[in-house]
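Below is one structure; the comments refer to it alone.
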Amino acid sequence: MKIDILTLFPEMFSPLEHSIVGKAREKGLLDIQYHNFRENAEKARHVDDDPYGGGQGMLLRAQPIFDSFDAIEKKNPRVILLDPAGKQFDQAYAEDLAQEEELIFICGHYEGYDERIKTLVTDEISLGDYVLTGGELAAMTMIDATVRLIPEVIGKESSHQDDSFSSGLLEYPQYTRPYDYRGMVVPDVLMSGHHEKIRQWRLYESLKKTYERRPDLLEHYQLTVEEEKMLAEIKENKE
């Protein structure tokens, strides 16, 4: 995958040199390039200006971003504008992006963008219902969530298929050694070696956690007959 990032602060992206994303770059599975669009600003390197019609704050000018975009070698990229008013990012969207070969992220700053910049864009995306000082942190979050889904980036594909949200439910509790730590012991079923009972326990706990913490997810989740019975039991036990 090739990712190009248009930003005023390329130095903010140093975390992408480490951990899973960094290893993906080392393996040649990922190429990330940074483009400081201030370098393409014609007007005394100014990237922002006052909005027509008045108003608070400054807007990013179209020219530096258009020229930076035009200079990128690309074929048919998905172009993502980080915008608080955009569609909210989620796991399904990360899975969609992971299928792409080329991504371009445009990171804003100041009050907003000249509206004409949006003609370059295929997707306007928000990290959530809050405002950051710029799009860099949002872009890094989306890149991290996306890159880990690329085949061969994580050793076992099943290791992310069981993640919270990938299945539509929150992930079940997990334990490792020692069996007993400060009086807190691992559930016996996980020590039993009985694969079917372990599967049922994990599914039950996943449903329980989702019902207790994110019941909104269940509104769009297609329950199996087995899951319906488990959820009914969970609700009964809560009463």
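Any Cβ shown, glycine's included, is placed from N, Cα and C.
According to Swiss-Prot, the protein carries these features:
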- G108, L127, G128, D129, Y130, V131, L132: S-adenosyl-L-methionine binding site (BINDING)
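Overlay of Swiss-Prot feature records on the structure.
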{"residue": "G108", "record": "S-adenosyl-L-methionine binding site", "Cβ within 10 Å": "24"}
{"residue": "L127", "record": "S-adenosyl-L-methionine binding site", "Cβ within 10 Å": "18"}
{"residue": "G128", "record": "S-adenosyl-L-methionine binding site", "Cβ within 10 Å": "12"}
{"residue": "D129", "record": "S-adenosyl-L-methionine binding site", "Cβ within 10 Å": "7"}
{"residue": "Y130", "record": "S-adenosyl-L-methionine binding site", "Cβ within 10 Å": "7"}
{"residue": "V131", "record": "S-adenosyl-L-methionine binding site", "Cβ within 10 Å": "8"}
{"residue": "L132", "record": "S-adenosyl-L-methionine binding site", "Cβ within 10 Å": "16"}
The largest Cα to Cα distance in Å among the residues G108, L127, G128, D129, Y130, V131, L132, listed in the record as binding S-adenosyl-L-methionine, is 16
